[in-house]
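Swiss-Prot annotations:
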type     : residues    : note
DISULFID : Cys52-Cys66 : disulfide bond
DISULFID : Cys59-Cys71 : disulfide bond
DISULFID : Cys65-Cys75 : disulfide bond
MOD_RES  : Leu79       : leucine amide
SIGNAL   : 1-21        : signal peptide
Amino acid sequence: MKASLFAVIFGLVVLCACSFAEDQFASPNELLKSMFVESTHELTPEVEGRYCQKWMWTCDAERKCCEDMACELWCKKRLG
């Protein structure tokens, strides 16, 4: 009787531990996926029909930052 009770309790503990571990390993992947999915919306059309770069996008003469951004290797919000 004690062995079967121990087996049931041990099974529940293992099941909970596996579920918790699965959640822990899934969370970073979901975070990365959400970062990349959200980053696809960072480009916004300019008046001329070209796209401007938003915050943390690399910029140069061809890839200009949006109007409220300043280009310093990547686009940063203008202060002031």
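All positions are counted from 1 along the displayed chain.
A Cβ is built for glycine as well, from the same backbone N, Cα and C atoms used for every other residue.
Keep in mind the model is a prediction, meaning the values are calculated, not measured.
Summarising the environment of Cys75 (disulfide bond), the number of other Cβ atoms within 10 Å of its Cβ, over all protein chains shown, is 23. Note: the Cα of Cys52 (disulfide bond) and the Cα of Cys75 (disulfide bond) are spaced 10 Å from each other. In the structure as shown, the Cβ atom of Cys65 (disulfide bond) sits within 10 Å of 21 other Cβ atoms.
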